[in-house]
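Q: Pasting the feature list from TrEMBL:
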- 6-22: transmembrane segment (TRANSMEM)
- 53-76: transmembrane segment (TRANSMEM)
- 82-105: transmembrane segment (TRANSMEM)
- 112-130: transmembrane segment (TRANSMEM)
- 142-160: transmembrane segment (TRANSMEM)
- 220-238: transmembrane segment (TRANSMEM)
- 275-294: transmembrane segment (TRANSMEM)
- 314-332: transmembrane segment (TRANSMEM)
Amino acid sequence: MNEELFIIVLLVLSVLLFRWGGKTLPGERWQIFATVPADSHGDGRWAGINFTWYGLLTANAYVVAVAMVLILLGAVGVPISGILVMVAALLVFCVPASRLVAWLVEKKAHTFTVGGAVFVGMLIAPWVVVATNRSAGAFLGYHVPVMAALAAISIAYAFGEGLGRLACISFGCCYGKPLSACHPLLQRVFRRYSVIFTGKTKKIAYAGGMEGVKVLPVQALTYIIYVGTGLFATMLFLKTHFTGAFVAATTVTQGWRILSELLRNDYRGTGKISAYQVMGGIAIVYAWGVALVFKGTPAPVMDFTAGIGSLWNPLVIITLQLLWFTIFLYTGRSMVTGATISFHVHQDRI
């Protein structure tokens with residue numbers, strides 16, 4: 001598979017997934033993926049644990065993001081061991097940060113924030129790469145090109161958060177303002193493209209009281225902008241424009257992070273400027289500073305075939321499966337919804 005075909009395949013799959021998700025996921029049916037009986041009430045009824053489409057789609061997004069890192073860094077000669085060490089180090093910090101930052105900003109213990117996790121990842125990523133080179137890299141005899149690694153990570157983030165917005169649609173979180181409360185220009189632009197959520201257990205219903213209300217499609221816009229940015233930055237990466245790919249991906253995604261906060265209607269903390277907008281602004285400035293610090297690093301040779309081949313490794317396949325399962329359990333077990341299940345026998349089928 002050559003570079004152009006790879007981009008086309010990503011584009012087609014992204015469009016198909018977006019068309020499906022945008023139409024179906026706002027519906028009530030697409031919040032709870034499965035319910036598992038946990039505690040018996042003794043009368044044939046059980047208390048159930050809900051596992052959500054949010055968790056499933058988030059796990060998918062994480063796996064796609066890590067797969068992109070493997071492909072892109074594999075294409076510039078970074079061994080699988082080096083990639084996995086960096087990815088593991090980032091996830092160790094970023095996954096818990098998704099809940100910790102939400103607690104600090106929104107004062108909620110049972111919710112997640114991708115924005116907070118990304119901010120933490122953005123701050124530590126350059127130094128994780130440097131630390132990898134000085135530790136595992138020095139011991140095993142390999143070197144991770146810093147700008148290529150940062151570009152790959154920023155591209156992976158763009159795809160990961162873009163795809164992750166489908167999870168937000170399914171749970172009804174990260175929702176936009178009601179169309180009726182928007183400027184007349186926005187009303188005209190989005191009259192045909194607004195979104196309506198159904199289901200009493202979706203966050204937009206129990207936290208925002210807007211079930212059945214036309215709202216701005218903020219999640220869908222984020223999907224389009226982030227995935228589109230990921231595709232553009234991937235093209236730059238494959239042409240060895242690593243600094244450009246890193247700066248473009250970070251500036252666009254974090255710039256939209258700042259702007260999109262103005263379109264959202266869920267609680268984002270007190271004050272006119274949210275903590276997430278501040279994080280986005282800091283991330284942009286920080287990224288440009290990092291690009292200046294590491295701009296003189298030599299560009300590695302590109303071998304796209306080797307990058308694709310890095311996925312066909314038993315260790316990689318097992319690691320991605322374990323990652324998916326872990327993220328699904330961590331983000332998919334609903335802490336804000338419950339279920340009561342009853343079982344019975346079909347007497348006419350005995």
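From the backbone N, Cα and C atoms, a Cβ is placed for every residue, glycine too.
Could you place the listed features in the three-dimensional structure?
A: Sequence-distant neighbours of the transmembrane segment (6-22) (same chain, 6+ residues past either end, Cβ-Cβ under 8 Å): 162-163, 166, 169-170, 195, 217, 220, 223-224, 227, 231, 234-235, 238, 304, 308.
Residues 33, 51-52, 54-56, 58-60, 62-63, 66-67, 70, 80, 84, 91, 95, 112, 167 of the same chain lie 6+ residues outside the transmembrane segment (314-332) yet bring a C-beta within less than 8 angstroms of a C-beta in it.
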Q: Using a Cβ cut-off of under 8 Å, list the residues of the same chain at least 6 residues beyond the transmembrane segment (220-238) that approach it.
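A: Contacts of the transmembrane segment (220-238) (Cβ under 8 Å, skipping residues fewer than 6 from its ends): 3, 6-7, 10-11, 14, 18, 21-22, 68, 72, 75, 148, 151-152, 154-155, 158-159, 161-163, 165-166, 169, 174, 193, 195, 244-246, 248-249, 252-253, 256, 260, 263, 302, 304.
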